[in-house]
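Reviewing the structure listed below.
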Amino acid sequence: MMASSYNAKDEDGHHPGSVGSGGPGAVKSKKPDNTAFKQQRLPAWQPILTAGTVLPAFFMIGLIFIPIGIGLLVTSNNIKEFEIDYTGVDMFSPCFNCSQSYSWNSTSACTCSVPFTLDQPFESNVFMYYGLSNFYQNHRRYVKSRDDSQLNGDKSSLLNPSKECEPYRTSDKKSIAPCGAIANSLFNDTLELFYIHPNGSRIAIHLVKTGIAWWTDKHVKFRNPGENNNNLSIVFQDTSKPVNWRKPVYELDPSDPDNNGFINEDFIVWMRTAALPTFRKLYRIIQKKKDNMTPTLPPGNYSLEVIYNYPVRSFDGRKRMILSTISWMGGKNPFLGIAYITVGSVCFFLGVVLLIIHHKYGNRNNNADIPN
Amino acid sequence: MDLSSIRKLITRYCTGEESWVDSRTVYIGQKEPPPGTEAYIPQRFPDNRIVSSKYTFWNFIPKNLFEQFRRIANFYFLIIFLVQLIIDTPTSPTTSGLPLFFVITVTAIKQGYEDWIRHKADNAINQCPVHIIQHGKVVRKQSQKLRVGDIVQVKENETFPCDLILLSTSREDGTCFVTTASLDGESSHKTYYAVQDTKAFNTAEEVDTLHATIECEQPQPDLYKFVGRINIYLDRDEPIVRPLGSENLLLRGATLKNTEYIHAVAIYTGMETKMALNYQSKSQKRSAVEKSMNAYLIVYLCILISKALINTVLKYAWQANPNRDEPWYNQKTETERQRHVLIRAFTDFLAFMVLFNYIIPVSMYVTVEMQKFLGSYFILWDDDMFDEELGEGPLVNTSDLNEELGQVEYVFTDKTGTLTENNMELRECCVDGHVYVPHAICNGQILPGATGMDMIDSSPGVDGKEREELFFRALCLCHTVQVKEEETVDGIKRGIHQGKSTSFYISSSPDEVALVEGMKRLGFTYLRLKDSHMEILNREDEMERFELLEVLNFDSVRRRMSVIVRSSSGDYYLFCKGADSSVFPRVVSGKVEQVRARVEHNAVEGLRTLCVAYKKLTHEEYEETCHLLNRAKLALQDRDKKLAEAYDVIEKDFILLGATAVEDRLQDKAADTIESLHKAGMKVWVLTGDKMETAAATCYASKLFHRNTQILELTTKRTEEQSLHDVLFDLSRTVLRQHGSMTRDTFSGLSGDYQDYGLIIDGATLSAVLKPTQEVTSNGGNYKEIFLEICRNCSAVLCCRMAPLQKAQIVKMIKASKERPITLAIGDGANDVSMILEAHVGIGIMGKEGRQAARNSDYAITKFKHLKKMLLVHGHYYYIRIAELVQYFFYKNVCFIFPQFLYQFFCGFSQQPLYDTAYLTLYNISFTSLPILLYSLMEQHINMDILKRDPTLYRDIAKNSLLRWPTFIYWTFLGVFDAVVFFFGAFFLFDNTTFTSNGQMFGNWTFGTLVFTVLVFTVTLKLALDTHYWTWINHFVIWGSLLFYVIFSLLWGGIIWPFLNYQRMYYVFMQMLSSGPAWLSIILLIIVSLLPDVVKKVLCRALWPTTTERIQTKRQCLTAEQSTIFMLSQTSSSVSF
């Protein structure tokens, strides 16, 4: 608590000797009203930061922050996270061939399979991310290269996208839907997970592909044009697919009309540009088993099957697959916990220092001779 | 071709003929003079339209825009805006266009409104009816149609529509009374005289028959100077030539009083009237704070440019790899590729400039202006500075210098009317060494037995009696006092008899009123001036009449005035009164020694002394004198000089009669104020035209000099004995020796009893000191520097016998000395105007000597004692307020922009903005603008009562201490630190992981919003920590603007805005708030950012407290005790009820 004092001064302010002397009427008209505000005498709280007053605050911060920090750190440490790089830079890595023999025009998909082992069981929902490094999704030219009204289902923007989409605005004299560099560079690797049972059988793990995008994005911000027309191929017939795409936007997920076209969640997730050049994006969710007894991903051997489409080697990029459990505070990140503990301890330490100073100098100052 | 002749032609063509003719000819009634007298050159004069407005309806927009963009800051933002329009920039033009538009619009509306008011006022004046005589009839016309040469009729209580030469009045003697209250504030009635030869032209028809021309000088702004000549063509061929002076000139703006009507001819109209010429604005004064602000701006501009340069260079270094420059996922357009690399680099540089331009905020100027403008109202409203007698409070003529009031180091004050009341009272008079003291009076009422007097010395003999009566008559006659008339002559008589007439004497010089009133108490009553006869009532209640022949007016150079009268017996007398120094040299006989002794004695007592002398003239001598005077008066050129020469010849060979002593009481609390100013570390100099002894007495009385002050004299008396050179060196040696020992004393803690010095210098010596000498003294410095060195070591300086211009010279000299101190000049009279204009801050006192000082000052107050509150309280507050305002503005913009700079390192130097456009635009306009504005209006770090009680606190802010470079660097580093905390805090939080409980990821806009949220909260809370005075307004504004930020963000992200072509902020803020770690990190980052500042404050307060801080701490303890006592008493009282 800060020490404080309320200082309410008399607001009526009597004016001595104003009555009686010549022409009080004329005097009064020019005289300012004597309100507390105009006299700068509003009642006010006048706190002062002194060692004595901030001491308790410092100790309080220390006492609150350290436990929070410990809590955060423990939570973060309990989160299980597994990360595997499948770029295939290394000669011996399984995806080396795919990464070498890349071309946009190749019709045959290059697949590779990356084996990995989980030492610990992953419980509850497990979230599967893909991660890219050295990929500047936050480059200005890139960030602005989109047309939000086209993505919102605006018909005129569909056929006449924003200039910002250049040079990904038109191809073959048709407007591109979705236009822009972001959409054009949609991440198009397909990742599948298989559990290698100790007996050798490969069990495909069910990956849920919805719920990975913000609800508001999926339901409000991104809309397919022609709201009532279920046949997206007709809606998009005058448009052209982005040049790097293999299939048009209305074939992103033919199986599920609620996840197709602009409201395809993989697409929406990609369209939310990352803040930093190394980023991860939510790819799939592995839901926990119905019975809570067995972990979602038991320890053991797994295989990551990749349909390798996305080239990153040209710009020294890396591709990763991350499996992570989630707590209330999100994924594994010890930063917050450590920061809280550090700040808490610093405050506590400063509190002690101030206490000493307060004892040594506080009295001296208060007793110091102040001329009145 | 000859260039100069072309130029001459051009100037002639452009400016018109009359402006380079140095006199003008006015044809009265627009009539040509009789042929053959002179070539008739019709001159063109402007019409009588007063235009104080700046704009017309049509030119408002272009002219106002031009004016506004002449300000360098506005121009800078305009350039940024244009750059944004032209090139492809990271932020949309609205981010800088909108604030600029806002600022320009607000200013334009304010100026437009002011101009509209001026237009209205102009129209009211220009269209008010005036009466013009045309063809013998009175015609009503609009004032603006009045032309030079028109004959105007003005009735009582009407205001003169332009500058007029008085031709005739309704009064027989050709005089009229005028108040110039609206011009110079003097409410006394002044008498003006009609031209002698035209005063008979009384009716409209008669005036119309008048044939005359007036030659006069071209318009000039001096209100009290006018030189002209009237040529009247009567029936004869040869015109009658009469001189015209300022006593014939009725000024526009003055009002006719006590006179039924007058006829006058217009000579200066419209914008050429003296009033309009005086409207011309004074030179702009700039405060020290503004200068530091500009210096900071330059630093920030350099930072801005270097940031942009660094980023541009790094960008091209980084992009050297084509896969970085143009990876497959992020291709450039064809046009971009084809652009030359230099052009690209230049546009990139500009784009970075635009991205970082918010570091110099457009709103700072608006806030500073608003703070100054609104803040000045607190001075106007201040009840303590309101004067009940005058019914007036302080005036603020400029609000630009509010904070300068807190920085004053030198105070230059006038003596008479400023330190003293200028309420004169005759204390005694001395006739040939006999001293007479009028009866004590109270409140202007004479006690019974008014005719009596105390004679201290033995009563004089018969001869003495005669001399004594001559002395009294001299004082009754030698003045320019007017008697304000009642309805009837009887009224005056009655008034005088009942002793109530005290208030009826009016004069521009209070000394004269005091003398005439004093004479009344001694038995000689001046009744009035009637038909050029002065009537006085002598002790036996007999009327004596003297014909007033000539008045040789007072001026400050001659320092005396004279009248020539003829007594009823036909004797010619010349009476003269004046300062001793100007009378004694001209005296040939009389008891000079006794009178001189008495005068000196009185002067030491602090009384104002005047000497009275006379001489008898023969008729021939009088004729000669008349001739001399008339010749001088008729001169068109150098009339003043010629008059002065004539006066010099006339006023000599006097017989000394005696001397008077008038007391001028010190103003209320003048000594207390001076003591406070001393304690506050200010050096107080008294600059006066008075003589040394009187002034020194006042200085002692007002505690400027103390008993133990060692007085150093630098006066003519001393320099006569020694050479100026030696005196100066002597003094400087004395002072410096003392100075050296003094510093030793302060080290050993014995500073209490050091000698302090007071310097007295007079005008003549000063001009000798200031005279530029080529002679290089042995020390290498010239006199001026030695003098300054002496002054610097004196606690008080008194400069006496100063001419007005010398006052300004002194101020200028101190201003230019090497410490460049801030000076303040305070005065009440016209003779102080020059120093008021010269000093950094000029303060006028609305006193008895008219309003001229108040009009030319920056601030005007009613009493000298108000200076204390003005400087110690208002000045102190304004200074700390604006200092915080300036520092805080730079701080918050470093906090704002530096994260954006850091972000460039992580987005490939692509100028990607970190924050959304709306945040960029509104940060300075709305999220963080009001708290600092209100802080800068309301902050009181210490109670004003303590500030007043303890003037030493003023030293804490001396020398611009809150805006020095170390403080500025501290704030900037604090800003950089905070920015680093915001950015890297968010960076590590976002580092390759999620922080939502549903596993979804956030994008770059969430990153920016997180940083921005922490930023807004930190910056606002930082201000909250600095606020020492929390009124409900501060609470409302600080918490209100935080709440506004949250509500705005919710709203901004809550809707798909149809008019925007991007929806990047949609739900970003809400999604962020739905995550726990975001909250935790916001709290953490705010605390970490605020921590160093808190620690620094607490440590500094504990270890190296300033006086201010000590008092704050002490007060806190006291009030804590008091409040407990108060609470206890409250509870007990509530119990008892």
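Please read every residue number as a count from 1 along the shown chain.
For all residues, glycine too, the Cβ spot is worked out from N, Cα and C.
As recorded in TrEMBL:
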ACT_SITE  B:ASP414  active site, 4-aspartylphosphate intermediate
BINDING   B:ASP414, B:THR416, B:ASP828, B:ASP832  Mg(2+) binding site
BINDING   B:ASP414, B:LYS415, B:THR416, B:GLU512, B:PHE554, B:LYS577, B:ARG608, B:THR688, B:GLY689, B:ASP690, B:ARG801, B:LYS807, B:ASN831, B:ASP832  ATP binding site
DOMAIN    B:42-95  domain 'P-type ATPase N-terminal'
DOMAIN    B:129-273  domain 'P-type ATPase A'
DOMAIN    B:854-1106  domain 'P-type ATPase C-terminal'
TRANSMEM  B:295-318  transmembrane segment
TRANSMEM  B:349-368  transmembrane segment
TRANSMEM  B:918-938  transmembrane segment
TRANSMEM  B:968-990  transmembrane segment
TRANSMEM  B:1002-1024  transmembrane segment
TRANSMEM  B:1036-1060  transmembrane segment
TRANSMEM  B:1066-1091  transmembrane segment
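Counting only residues at least six positions away in the same chain, the Cβ atoms of B:ASP414, B:THR418, B:PRO804, B:LYS807, B:ALA825, B:ILE826, B:GLY844, B:ALA853 sit under 8 Å from the Cβ of B:ASP832 (Mg(2+) binding site). Cα spacing between B:GLY689 (ATP binding site) and B:THR416 (Mg(2+) binding site): 9 Å, rounded to the nearest whole number. The number of other CB atoms found within 10 A of the CB of B:THR416 (Mg(2+) binding site), across every protein chain shown, is 27. Its own atom aside, the Cβ of B:ASN831 (ATP binding site) has 22 Cβ atoms within 10 angstroms in the protein chains shown. Beyond the ends of the transmembrane segment (B:1036-1060), by six or more residues, the same chain brings 916, 918, 922, 926-931, 934, 1009, 1013, 1016-1017, 1020, 1023-1024, 1027, 1066-1070 to within a C-beta distance below 8 angstroms of the stretch. Two recorded stretches are said to be in contact when at least 3 C-beta pairs lie under 8 angstroms, sequence spacing 6 or more; the transmembrane segment (B:918-938) and the transmembrane segment (B:1002-1024) meet this definition. With DSSP classes pooled into helix, strand and coil, the tally for the domain 'P-type ATPase A' (B:129-273) is 18 helix, 64 strand, 63 coil. Per DSSP, the secondary structure of the domain 'P-type ATPase N-terminal' (B:42-95) breaks down as 27 helix, 0 strand, 27 coil. Per-residue pLDDT, averaged along the domain 'P-type ATPase N-terminal' (B:42-95), amounts to 82 for this model. B:THR416 (Mg(2+) binding site) sits 17 Å from B:PHE554 (ATP binding site), taking the C-alpha atoms as the reference points. Here B:ASP828 (Mg(2+) binding site) is positioned 19 angstrom away from B:PHE554 (ATP binding site), judged by their C-alpha atoms. Shown in sequence order, B:THR416, B:MET424, B:ASP511, B:ALA661, B:VAL662, B:GLU663, B:ASP664, B:ASP690, B:THR694 are the residues of the chain, 6+ apart in sequence, with a C-beta less than 8 angstroms from the C-beta of B:ARG608 (ATP binding site).
For B:ARG801 (ATP binding site), applying a Cβ distance below 8 Å and a minimum sequence separation of six or more within one chain yields B:GLY689, B:ASP690, B:LYS691, B:MET692, B:ASP762, B:GLY763, B:ALA764.
The Cβ neighbour count for B:ASP414 (active site, 4-aspartylphosphate intermediate), using a 10 Å radius over every protein chain in view, is 31. For the binding-site residues given as B:PHE554, B:GLY689, B:ASP828, the lowest number of other CB atoms within 10 Å of the residue's CB is seen at B:PHE554.
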